[in-house]
Amino acid sequence: MEIKNINILGAGGHAKVVIEIAEELDYKINEIYDQNPEVSKILDYNVSNNLETLTEKENVFFALGNNFNRKSSSQKYHFANFNLVHPSAIISTRTKIGVGNVIMAGVVINSSVKIGSHCIINTSACIDHDCEIEDFVHISPNVALAGNVKIKEGAQVGIGASVKQNITIGSWSVIGAGAVVINDVPENVVVVGNPAKIIKSVVLK
């Protein structure tokens, strides 16, 4: 049987879930990297803080919860050209998915959805028909997207949020936990509440 090798960038809480999905899919985890010098171990693995050597590695999977950090890492390292999909996820065969995505346990993705690259589709999220999710997006646990929702690059939909059909979420915007989105959201803003309203702008770092 072919051995599937993977190197992982990131050693925080999100990385623990990514590691366990990789293990369940029988990947051989070669090395795990993190820029924080105080992090030396995660789960049963040692962590390297020498990111210079990571530039020489292949199949680097970004286990980074921060959307902007995943984007900047994709411009530096030889990223994985595959996805990590938990076996319990239900995904329509008519869905188109890029690379470097993690799709976690209990996710449901229905017909004709398009997902870009380096996204996080978190635990038990539900993405209905004809949604379009661009690169570096994070769909948090228990999010519900109705049909034909468009999530632009780098946006984050917070835990338990609901988005009405035909809504567009602008790039790098943040939808707060539990928000109910019934109107389009412009780029680079934070919205919260029911119905969701803008409370501030997002400053990219």
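All positions are counted from 1 along the displayed chain.
Placed from the backbone N, Cα and C atoms, the Cβ positions cover glycine too.
Annotations in TrEMBL come from automatic prediction, not curation.
Noted in TrEMBL for the protein shown:
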ACT_SITE  HIS129  active site, proton acceptor
BINDING   GLY65  substrate binding site
BINDING   HIS138, ILE159  acetyl-CoA binding site
SITE      ASP130  site 'Increases basicity of active site His'
For GLY65 (substrate binding site), the one of HIS129, ASP130, HIS138, ILE159 that lies nearest, given that the recorded positions are compared by Cα: HIS138
HIS129 (active site, proton acceptor) and ILE159 (acetyl-CoA binding site), Cα-Cα, nearest whole angstrom: 20
HIS138 (acetyl-CoA binding site), number of other Cβ atoms within 10 Å: 24
Euclidean distance between Cα atoms of ASP130 (site 'Increases basicity of active site His') and HIS138 (acetyl-CoA binding site), Å: 18
Neighbour count (Cβ, 10 Å) for HIS129 (active site, proton acceptor): 18
